[in-house]
Each structure stands twice: as structure tokens, then as C-alpha cells.
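Annotated features in Swiss-Prot:
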- Gly78, Thr81: Na(+) binding site (BINDING)
- 4-24: transmembrane segment (TRANSMEM)
- 35-55: transmembrane segment (TRANSMEM)
- 71-91: transmembrane segment (TRANSMEM)
- 99-119: transmembrane segment (TRANSMEM)
Amino acid sequence: MSQFTLLGFIALGGAFGACSRYLISELCVVLLGRGFPYGTLTVNVIGSLLMGILMSSLNQGLIEAGPWRPIIGLGFLGALTTFSTFSMDNVILMQHGEFIKAGLNILLNVALSITACFIGYQLMMKS
């Protein structure tokens, strides 16, 4: 596959990831409200779980590396997850004096995302 074609597939993965992020974030607002950045937390945890599954699958030889790692890992998951929005969510919470919520958001994003990535990786390990 040419580099130009690969870039096109990465961009397509990014488009699907960005649309998925938007839809998941909007669903979280509908279901859980705007009192906490649930959407950002949700996409970061889901993305981490999927990254663990992807990397374990690649390392185990369950899927061929080929273009899938950059298409899914960089394109789709790169657009689905978000560190900049996570950072801004915390700045806004702190500006409003919501330091406990900001701390909880930081703790949950880091702990749950790493745990989800570990679980996803372990799920794909060969027995």
C-alpha cells in the first residue's frame, strides 16, 4: 500500500473516530447531564480498552500488523480519545471552584483508562 493510500485510510479512521466521539459524548449528556465531563471520560476509557485489544491482538499475531495499527490506533482511536478536551474540562472545573470534581475527573480518567487498556490487552492474550 502506498503512503498516500495509507494516509487516506488513517484519515478515514480519524473521521469515524471523531464522529464516534461526538455521538458518545452527546449520548452521555442526554443520559447523565452536564454536571461532570462524562463524555470525555467515557471515550477515553473506551479508547484505552480498544487500544489494549488492538495491541495485544497485533502482538499475539491474531491480526496482521499491516495498515491496521495506524488506521485504528492513530486514525480511529486518536480521534476518539482526547487529552486536550480532558485538560480543558479540568481547567473549567477549577475555574468554577469545583476542585473535588476536577480531582475526581483526573483520577478516574487516568485510573480507568489504564485499567481498561490493561484489561483489553489481557483479554486478547492466548491462554
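Glycine too: its Cβ is placed from the backbone N, Cα and C atoms.
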Through the lens of DSSP with three states only, how would you label Gly78 (Na(+) binding site)?
helix
Using a Cβ distance cut-off of under 8 Å, indicate which of 4-24, 35-55, 71-91 has the most pairs with the transmembrane segment (99-119).
35-55
Positions whose Cβ lies under 8 angstroms from the transmembrane segment (35-55), at least six residues beyond its ends:
20-21, 24-29, 68-69, 72-73, 77, 80-82, 85-86, 89, 93, 101, 104-105, 108-109, 112-114, 116-124
Hey, of the binding-site residues listed (Gly78, Thr81), which one tops the CB count within 10 A?
Thr81
